[in-house]
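If you check TrEMBL, you get these features:
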BINDING   Gly43, Ala45, Val46, Asn50, Ser272, Asn304, Leu417, Ser421  Na(+) binding site
TRANSMEM  37-54  transmembrane segment
TRANSMEM  60-84  transmembrane segment
TRANSMEM  105-137  transmembrane segment
TRANSMEM  218-241  transmembrane segment
TRANSMEM  261-286  transmembrane segment
TRANSMEM  298-322  transmembrane segment
TRANSMEM  334-353  transmembrane segment
TRANSMEM  405-426  transmembrane segment
TRANSMEM  447-472  transmembrane segment
TRANSMEM  478-498  transmembrane segment
TRANSMEM  518-542  transmembrane segment
TRANSMEM  576-601  transmembrane segment
Amino acid sequence: YSIPKLDKQGLDTKSLMGETQPSEVEERPKWDNKVQYLLTCIGFAVGLGNVWRFPYLCQIYGGGAFLIPYLIALVFEGLPLLYLELAIGQRLRMGSIGVWNSISPLLGGVGIASMIVSFLVGIFYNTILAWVLWYFFHSFQDPLPWTYCPLNDNRYDDECEKSTPVNYFWYRETLNITPDIETSGSLQWWMVVCLASAWCVVYICFIRGIESMGKAVYVTATFPYLVLTIFLVRALTLPGATDGLEYLFSPDWETLKNPQVWLDAATQIFFSLSVAFGGLIAFSSYNPERNNCERDAVLVGVINSATSLYASIPIFSILGFKATTALNSCKEEYSHFFLISLFLLTLVVASLFFPSLQYIVCRSFSLFSCLSFIFLPPPPQSASGTGLAFIVFTEAVKEMPGSQVWAILFFIMLFSLGLSSMFGNIEGVLTPINDLKLVPKWIPSELVTGIICLIAFLTALIFTLGSGNYWVEVFNGYVGSVPLLIIAFFEITAVIYIHGMNNFSEDLYFMTGRRPNIFWKACWMVISPVMLLVVLIAYVVIQAQQHPSYPAWNPGYVSEFRDLFPQTEVKPYPDWVFAIIILLCVVPVISIPVVAVYRLICGIIKKPSSRVQLNPYCNDGFEGETYKEKNGRV
């Protein structure tokens, strides 16, 4: 037989890069068509963060000026990583664990790390979908339940009166939140039901793998764009919409001098594209080997970023409408107070007697100031994430004519966005399990999927406790940050410097018919790894400089004999929670060095015993190891 060509690491290049046995290729599922594959990748990349994280970053970092570092990060960090993952998955036709094991047995831990991160992200991500379902079910009521305070013994609830009906419905009716993370509270049965419903939907869509999921993405990946378009048309007709857009796109070039802006832009594009989860590798592994993955990567990346910008327009238009409505209400309600205080009291005295009005008095009637109040009210309270979706946006929707219809559309859109992303998270767990053949073939895949979903549901019950929202913030802040940056750095290093740039170029030539140009080579070899390393180090340094804290919803929050509620109370995490945070950052990636050390030790132990002693006095002495044994030893 002919001896296969070995690369400079001594690995079989043909077997490495996907020339599998015919039986393996036949068993590999395939997409029905190219559109199905692209919609799945776009649905995985475009998630909730495009709707509630990107607009917030634009607002706090100079509006249109933020687009400059964002686009730079997209071109030099996001697209090269996306292209690399789609290419390596398509060529090897394996999940994340199989891919990195094929490149080098020492890198098997990278795939395990991706699988763990996908599982941990999936359990808290689907909890957000449970909250969306809760709001969706209540959106059919007239009036909407977050537009009024409930009556208790013929009087309005004190907590609701001190805050707002929107805050009360979110923190009390939905979460029934505890004053701090140390007080766990009990399981909220309505959240358990919504969580079970969310996991049932995921299981039904995923019951037959890509066959059923591929059908579901026709709806889940396209419906959000329809809703965003409807919101855009309606929002642009609302009073104050132009002021909101002006606030979004007015560039503040001074913010570009702040290093934090560049760091947040790099992390946003990295997490927005959903690289390093293993889901994109799994999706591309169902492609035929000869497919233009370069065009796919550019298309998915551009659509993802364009969606973020497209979603910002209706959101800021509606927030501009909300600010205008609040401003007019403020003028009508407090005009007499300002006239009296102008002649009888100084601003300082007024603020002493009316601390809740101090901010309004100081800011006067500026519309832009009202927008600042919406996003960053004192003390600082983030209006991204759940704060934007379940507080700010729901408060704006209730002011719109036909509020029930807009609420229903909004939460269906959020659920569709989240469901498409969940497909990638579950695929990032199931594909490595199937590729490693950890489950016997006689067990149906539907049962395996059901078991994974059941385990995830039981684990996610922690998020249905009274302290569940605090734990969601912990998982959201730390599971998908440092571990993903480390995984991505090892991925690009493994392909370019272990497999080799020349070998990878030949693989791309085989798949696309052309070798990568100088731009891709420069990004893969220098620019992208350096950017990842800088972002990782900067992120760790910034986090290490301060003890992590969280905003707590505490109705008894007082300071200096003043009642500060409904402001959130910023509390430091207890030491035992801080230890869990460190574990969430370390445990997912600990498999990378552990597997490498284990394989090295096994190689050292097996090396002496693998040598064959030849007998010069017997012809049998020339029968050494076969090539297969030699290649396996190497």
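Each position is counted from 1, following the chain as shown.
For all residues, glycine too, the Cβ spot is worked out from N, Cα and C.
Here the features listed in TrEMBL are painted onto the structure.
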| residue | record | Cβ within 10 Å |
| --- | --- | --- |
| Gly43 | Na(+) binding site | 27 |
| Ala45 | Na(+) binding site | 27 |
| Val46 | Na(+) binding site | 27 |
| Asn50 | Na(+) binding site | 25 |
| Ser272 | Na(+) binding site | 24 |
| Asn304 | Na(+) binding site | 23 |
| Leu417 | Na(+) binding site | 28 |
| Ser421 | Na(+) binding site | 28 |
Shell of the Na(+) site beyond Gly43, Ala45, Val46, Asn50, Ser272, Asn304, Leu417, Ser421, same chain only (C-beta within 8 angstroms of their C-beta centre): Ile42, Phe44, Gly47, Gly49, Ser274, Thr307, Ser420
Range from 105-137, 218-241, 261-286, 518-542 with the greatest count of C-beta pairs under 8 A to the transmembrane segment (405-426): 105-137
Selected stretch (most C-beta pairs under 8 A with the transmembrane segment (478-498)) from 105-137, 218-241, 447-472: 105-137
Maximum Cβ pairs under 8 Å to the transmembrane segment (261-286) - stretch from the list 60-84, 218-241, 298-322, 576-601: 60-84
Recorded stretch that, among 60-84, 105-137, 218-241, 576-601, has the most CB pairs under 8 Å to the transmembrane segment (447-472): 105-137
Top partner of the transmembrane segment (105-137) among 218-241, 298-322, 576-601 - counted as Cβ pairs under 8 Å: 576-601
